[in-house]
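What follows is a single structure, written as structure tokens, with notes after it.
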Amino acid sequence: MPEGEDLRDLTIVGGGPTGIFAAFQCGMNNMTCRIIESMPELGGQLTALYPEKHIYDVAAFPEVQASDLVDSLWDQAERYGPEVITGEQAVSFRKLENGHFEVTTSAGRTCLSRALLVAAGLGAFTPRTLPQLGDISHLENRSVFYAVRSRDDFAGKNVVIVGGGDSALDWTMGLLPVAESVTVVHRMSSFQGHGKTVHEVLDAADEGRVGLYFNTEVTSLKEENGELKRLVAASKSGREMELEADCLLILIGFRSNLGPIAEWGLELQDQAIMVDTHMQTSVDGLYAAGDIAQYPGKLKIIQTGLSDATMAVRHSLTYIRPGEKIRHQFSSVKMAKEKRK
């Protein structure tokens, strides 16, 4: 493939918050880029799994809906016109003799760039299920869900939520205004989420607004005319109970799989790519950022991913333009200059 107008400074594998913000940072550093995203839309998990979830730990947003955060991130990046490829997975890469990178997608497309950034989040992810329920595929996305894409799916319904982490707690409070009832079933003796939300759920339970069962697991489902109506749960002490349930929301996490990236020959640890302090991997010129990047003290939250992206893009300039002195320009100065053009 001849290097011409198709050559970009940076190819970004992954179009979640980290990848989108990396595209913005490219613009801030006068770099061209492209994003390759395997899903039909940008946004990663925020778009695919919980677009209506509210997020509270992103700087300057006391509270922001996931889909709105994605829109805001894209508004930042879009002004610089990044190329976006959706619905195609990056399946392989090779480093060329001139130091450039060639990425091949699942559609057979080849993408050339001077450097490469992997921001693929958790990779491919599948929800954890309840194997004791057997084959419930006929109920999935009708009565049994593993994520909340729209609150309307639960409006006026008796909802049972399985889980005790952040997602389960967030949606316990998030569905209270629309559901007929919300009951939480958790196999452990306490919650594992953020302290503030834990207290909110416990307070709601004390007030009788939320049903709450610790040390309990759902063991079977009861249907009527092909629709979920009740479920059976059992405590660790052996006590069984029936709970009314029009919807079962299973929020016990996801299994991640790096997919083809696991075969790229990069140094891995715990299903993540090891990077140095500049977000560079074991391959010179190839960077990783966000949840897929691993380094001592790594915290896997959106805010950290945005910082990773900034570091990675900035340092990639030393690879793309070796010997050139890289000067930092404050965003206010850069934007003022652009507005005067």
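Here the Cβ of each residue, glycine as well, is placed from N, Cα and C on the backbone.
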According to TrEMBL, which candidate in Glu37, Glu97, Glu324 joins Thr18, Gln45, Tyr50, Ala90, Phe125, Asp291, Ser332 at the FAD site
Glu37
For FAD, with binding residues Thr18, Glu37, Gln45, Tyr50, Ala90, Phe125, Asp291, Ser332 per the record, max Cα distance (Å, no decimals) returned as 38
Students should find that the Cβ of Glu37 (FAD binding site) has, within 10 Å, a number of other Cβ atoms equal to 26
Within 10 angstroms of the C-beta of Asp291 (FAD binding site), what count of other C-beta atoms is obtained when all protein chains are considered?
27
Per DSSP, to which secondary structure element type does Tyr50 (FAD binding site) belong, with helix, strand and coil as the options?
coil
Chain-internal residues, separated by at least six, CB under 8 A from Tyr50 (FAD binding site)
Ala66, Ala147, Val148, Arg149, Ser167
